[in-house]
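Colleague: Structure provided below as structure tokens; questions to follow.
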Amino acid sequence: MAESIRTFSLQWRILSLIIALLVYFPILSGSYFKPFNVSYDHRALIIAGKRRMLVSAGIHYPRATPEMWSDLIAKSKEGGADVVQTYVFWNGHEPVKGQYNFEGRYDLVKFVKLIGSSGLYLHLRIGPYVCAEWNFGGFPVWLRDIPGIEFRTDNEPFKKEMQKFVTKIVDLMREAKLFCWQGGPIIMLQIENEYGDVEKSYGQKGKDYVKWAASMALGLGAGVPWVMCKQTDAPENIIDACNGYYCDGFKPNSRTKPVLWTEDWDGWYTKWGGSLPHRPAEDLAFAVARFYQRGGSFQNYYMYFGGTNFGRTSGGPFYITSYDYDAPLDEYGLRSEPKWGHLKDLHAAIKLCEPALVAADAPQYRKLGSKQEAHIYHGDGETGGKVCAAFLANIDEHKSAHVKFNGQSYTLPPWSVSILPDCRHVAFNTAKVGAQTSVKTVESARPSLGSMSILQKVVRQDNVSYISKSWMALKEPIGIWGENNFTFQGLLEHLNVTKDRSDYLWHKTRISVSEDDISFWKKNGPNSTVSIDSMRDVLRVFVNKQLAGSIVGHWVKAVQPVRFIQGNNDLLLLTQTVGLQNYGAFLEKDGAGFRGKAKLTGFKNGDLDLSKSSWTYQVGLKGEADKIYTVEHNEKAEWSTLETDASPSIFMWYKTYFDPPAGTDPVVLNLESMGRGQAWVNGQHIGRYWNIISQKDGCDRTCDYRGAYNSDKCTTNCGKPTQTRYHVPRSWLKPSSNLLVLFEETGGNPFKISVKTVTAGILCGQVSESHYPPLRKWSTPDYINGTMSINSVAPEVHLHCEDGHVISSIEFASYGTPRGSCDGFSIGKCHASNSLSIVSEACKGRNSCFIEVSNTAFISDPCSGTLKTLAVMSRCSPSQNMSDLSF
């Protein structure tokens, strides 16, 4: 067996080299397809003269590193996607007016070329407003400083900048020969984004803006169709598309346009202090199947991969650093099972139906019951002969239904769709999950080879490996710290001062307290109070550099008691943003910091109007300005050794060095011991962190897939920290001595920070004899030639570790009537005694395996006349460790 594993490893390396060469060649040649045109009719997009049913995977390139892109694209294709969809992020590409950035995570051309080299198409959503839970909705903050500007309306300054950027992107794609008519992957573009949600706020100017945006886009000569999503008044030559949890009832505003679903929300975003969203795979598959059943032709998962809001890119306010979104690929690019696998099966079933779906101009409708219906597609196939496909739906949320269709009986589980690619046999039902379930395991770091000498730096306690026992600390100054401050009479709006170069803005004023004030307070009780009509997101109030208190909220009234001493006192206000507003009308007016009046109450002679006081302003932190989080500049700061018994302190910088974990599994920092702040590794900004507990109530004990989904249904993680693990991409790590720097705002213990790896360590499969046959069997020559009946094919359990991993052990296997679910299986009354040995022989030491669910596979029938199920629980381990295992 060890020899076979070594052979497998060699074969895998050779295969990887071949794949790399195949990918690299078209990138060099600049051509990915034979040039083709894209048009559309009422039924579908027409690609190279043929109607297509398309599945799209939403991937935002800046939410991953370039080193991750190829794997994400490959897994999307493996999962059945035809298209990748992404926004274009204006504030990432033009952070300073006229200065463009197309490097690193913003190397858009490279991302598009990788998509083309994989054989997938691209839907490029230029916007340039994107929403996307992205900082300021993708708009660069400098845009709001242009005199007279109003965003997203018939406003000349805005239209000028928008046209300039959209033209820049279209020209960039054309110059790189990335449009389909040039042999590239781009088949469709988008202008604006969900403008219909806010259009009424702008009146007639909004309607005029829609017409202008469409005309401007079409005038660029991109040569592919343009769409507008959630735009019922989209002009005739722009396709209006649907966004939402369900779009099977959507109809475009013209009979000449196809039904497109640009955002299928397969999960939801998360706010600090919120629970985690979860959309069941069964409901998501139901929504997609219903969409194609009722005439849809293009559907995109928002998101297929969510990724990470690195740096300060998260929008909000208060959106967390993780953008996992409960997507089919998780934040790190690992498959989320069973969602990824169940959707892969769904896509395969839809592809089997595609000849019939494109042959018919519209489906034939047939009522099967009070809440049951069929849609039948039939016509002439491209290669001759008749084609037929049918979708049987049961929209009853509670009861299964037995229906008759074409003379045959079918059982439809509640809230499900059965897909019949030949109008006779069921290839897939949305409520019957045959895909494996994966359980993500988070493991303490194993030092990489060659780094064993630093093991003494790792502290072990309660089976936790902490990142380091050696930390340095540096106190961030409270208040004005540099010469680049300025003084102004009155309170200024936060963004007008910071230009979003930092989350933080210091305000300082001098408060004079008389002896009479002191006597007045002694006689009348409490001291003075800072009162501000409205503030966002975080306000901290200091008196003479001592923290008086803090307030968190979104445009909430701020009232903070303060205590002064007699004489002159420094009143310091620190405002802080936690992601700029990314959704809504009039974004340019939203701003940050304070609104309304600010006053200081409780003085003997009355309130003090702080709005008219003289204030000194300082943007950002001294540590930020000195770039002490970078490898180049951190040694210039005056760090001191942090004692292990040091008390938590506010406004502290911490640094240490660590070696990366061995292997290729995704790396995370566990920051549960910290309070709130920001983190950097080797100068790369990991993002904001915040150890805030979600509400205790609101999570369902059980998640029922049946019935319409919303973001509050099936949530998880109630009563726990919203986020504790923060992704550190492997490409940002060096072989040893990686610099970790944190800025801690509220107080935490860096000695309990740990570095961990995440992988799909546990796989489970549970499939019964009544399950449908594997989708791949429909494409075998025996079935196509008619020498095999699909009904004679047994279902299978399919187990598949992540790349670079193999099945190291079978923890449980039972063919019969097993009880329980993944990580909790037990043997039932009926059990084939050879289950464990049969499954182990088929799977152990392999990256993936198939086990037939049949008496034949297990040699005999353990309980005649009983419907049997195969349940398996296995573990995956890195393949390089397999040589240490005995078989």
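Think of each number as a place in line: the chain as shown, counted from 1.
Here the Cβ of each residue, glycine as well, is placed from N, Cα and C on the backbone.
So Swiss-Prot says this about it:
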type	residues	note
ACT_SITE	Glu194	active site, proton donor
ACT_SITE	Glu263	active site, nucleophile
DOMAIN	791-877	domain 'SUEL-type lectin'
CARBOHYD	Asn37	N-linked glycosylation site
CARBOHYD	Asn463	N-linked glycosylation site
CARBOHYD	Asn485	N-linked glycosylation site
CARBOHYD	Asn496	N-linked glycosylation site
CARBOHYD	Asn527	N-linked glycosylation site
CARBOHYD	Asn785	N-linked glycosylation site
CARBOHYD	Asn881	N-linked glycosylation site
SIGNAL	1-30	signal peptide
Colleague: Mean pLDDT over the domain 'SUEL-type lectin' (791-877): what is the value?
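Modeller: The average pLDDT of the model in the domain 'SUEL-type lectin' (791-877) works out to 96.
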Colleague: For the glycosylation sites listed here, Asn496, Asn527, which shows the highest count of neighbouring CB atoms within 10 A?
Modeller: Asn527
Colleague: Counting by DSSP secondary structure, give me helix, strand and coil numbers for the domain 'SUEL-type lectin' (791-877).
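Modeller: Across the domain 'SUEL-type lectin' (791-877), the residues distribute as 11 helix, 34 strand, 42 coil.
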Colleague: If I take the Cα of Asn37 (N-linked glycosylation site) as reference, which of the recorded positions Glu194, Glu263, Asn485, Asn785 has the closest Cα?
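Modeller: Ranked by Cα distance from Asn37 (N-linked glycosylation site), first place goes to Glu263.
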Colleague: Spatially speaking, which of the recorded positions Glu194, Glu263, Asn485, Asn496, Asn527 is closest to Asn785 (N-linked glycosylation site)? Use C-alpha to C-alpha, please.
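Modeller: Checking each of Glu194, Glu263, Asn485, Asn496, Asn527 against Asn785 (N-linked glycosylation site), the shortest Cα distance is to Glu263.
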Colleague: Using a 10 angstroms cut-off on Cβ to Cβ distances, just flag whichever of Glu194, Glu263 is the loneliest among these active-site residues.
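Modeller: Across Glu194, Glu263, these active-site residues, the one with fewest Cβ atoms within 10 Å is Glu194.
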Colleague: Which one is closest to Asn527 (N-linked glycosylation site) in space, judged by CA to CA distance, out of the recorded positions Glu194, Glu263, Asn485, Asn496?
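Modeller: Out of the listed candidates, the nearest Cα belongs to Asn485.
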Colleague: Is any of the recorded positions Glu194, Glu263, Asn485 within 10 Å of Asn496 (N-linked glycosylation site) (Cα-Cα), and if so, which, in sequence order?
Modeller: none
Colleague: I'm trying to understand the geometry here, so how far is the Cα atom of the residue listed as 'active site, proton donor' from the Cα atom of Asn485 (N-linked glycosylation site), in Å to the nearest whole number?
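Modeller: Spelling it out, the Cα of the residue listed as 'active site, proton donor' and the Cα of Asn485 (N-linked glycosylation site) are 40 Å apart.
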Colleague: Using Cα coordinates, what distance in whole Å links Asn485 (N-linked glycosylation site) and Glu263 (active site, nucleophile)?
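Modeller: Cα of Asn485 (N-linked glycosylation site) to Cα of Glu263 (active site, nucleophile) measures 45 Å after rounding.
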Colleague: At 10 angstroms around each C-beta, which of the glycosylation sites Asn37, Asn485, Asn785 has the fewest other C-beta atoms nearby?
Modeller: Asn785
Colleague: Could you find out if DSSP has Glu263 (active site, nucleophile) as helix, strand or coil?
Modeller: strand
Colleague: Reduce the DSSP letter at Asn496 (N-linked glycosylation site) to three states and note it down.
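Modeller: SS state of Asn496 (N-linked glycosylation site) = helix.
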